[in-house]
Amino acid sequence: METAAFETDLSLFKYDNLEQLPPAYRELEENQRRQRIKAALDELGEEVVILGHNYQRREIVEHADFIGDSYQLSQAAADADADYVIFGGVTFMAESADIITDDDQTVILPSMEASCPMAGMAEALQVDTAWAELTSKTDENIIPITYMNSYADLKAFCAEQGGLVCTSSNAHRAFEYAFERGDKVLFLPDKHLGENTAHRLGMEDETAEWDPWDPESDAAEAVENDIILWEGYCQVHERFRVSHIEDIREEHPDANVVVHPECRREVVEAADVVGSTSTICETVENADPDETWAIGTEIHLTNHLSRWHPEVNVLPLCGDACMDCNAMRQIDPNYMTWVLEELVEGRERNVIEVAPEEKELAQVALDRMLEI
Ligand code: 13P
Ligand code: SF4
């Protein structure tokens, strides 16, 4: 079987206007930095709102006006009145905030390098070419759904093809939306979230993984299924194994396990609870004192939960092997100090501005999600 020779023009850092941290900000001492951030925030007042994803470092979440999962942060961005939304998260989240906020609001992503590797596994240009191959193999109507963890141009592509965006907390509802309007779903980029959602809907026997770059992966065969999964994954969550759950339960017979749906199917199956980062937070929040919860997600969130709920015994599911997210980690407090102090001086740094031609359509895909 032959696969198309796809041409790609991929760039990890889509926004070439983003600037590096000036040398004077590179070695600030923690207390001094905290004071400077607070002073800048006092000066800026209601002009600024800081949104922080659950995976952000402690030194960032301590300054956040709102902490949450990616769905909650997009809602918070939609509700924000501030002139400036400072996004403690990764590029695709800041893009979504820019799409959702009014034109006179500005979104700032403090660091230039906070790009989620999974979002980079399905660039719109690749998907466009792959889509032509896939749709040429069937007369049935395929609806593309992209996980929030994707760039604005892919969200725009999905809207154009009748599809939408979802997050880990509403993927099942996005699938239902798609099956009410079409025959098949192409889910991008996270194959594990796609597979876990298919199971939740009882459609596990109707899914196929498809990798247009793998000569063994056949588009004609893939479209015989109702759910086609793009070959993307999150390296932080792929790391968890069933053996980690078995080991935890052996060491702590009373342990409960909660994992994110970006984990492998068998890990989700073996866990007690599965859900988005906000579900993970709620699970620990609602636990009885002295309960033990092992957390299968990014390590900063596990550490926050352990700090926020000292009455609960919070453990990282795979101990020292649990990873932090390389992209989320890029938002460091030195960058935060710099962008805020620059704003005090009237200078906007590291603004994320989605191209107008992508913005309108990506907004359609996001609005469809916010309505389901
Ligand atoms: P949530 O939507 O659960 O916050 O997850 C975002 C994310 O990037 C998980 O890796
Ligand atoms: Fe991307 Fe995984 Fe990091 Fe989430 S944890 S932002 S999916 S790399």
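Each residue, glycine too, has its Cβ placed from N, Cα and C.
Feature annotation from TrEMBL assigns iminosuccinate binding site to H53, S70, Y147, M148, N149, S168, H260, P261, E262, T277. Taken residue by residue with DSSP, E262 (iminosuccinate binding site) is part of neither helix nor strand, so it is coil.
Feature annotation from TrEMBL assigns [4Fe-4S] cluster binding site to C116, C234, C325. Sequence-distant contacts (6 or more apart, same chain, Cβ under 8 Å) of C116 ([4Fe-4S] cluster binding site) comprise V90, T91, F92, N149, C234, C325, A327.
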Other CB atoms within 10 A, centred on H260 (iminosuccinate binding site): 28
Distance-selected binding-site residues near ligand 2 (C-beta under 6 Å), from H53, C116, Y147, H260, C325: C116, C325
Listed binding-site residues adjacent to ligand 1, that is, members of Y147, C234, C325 whose C-beta is under 6 A away: C234
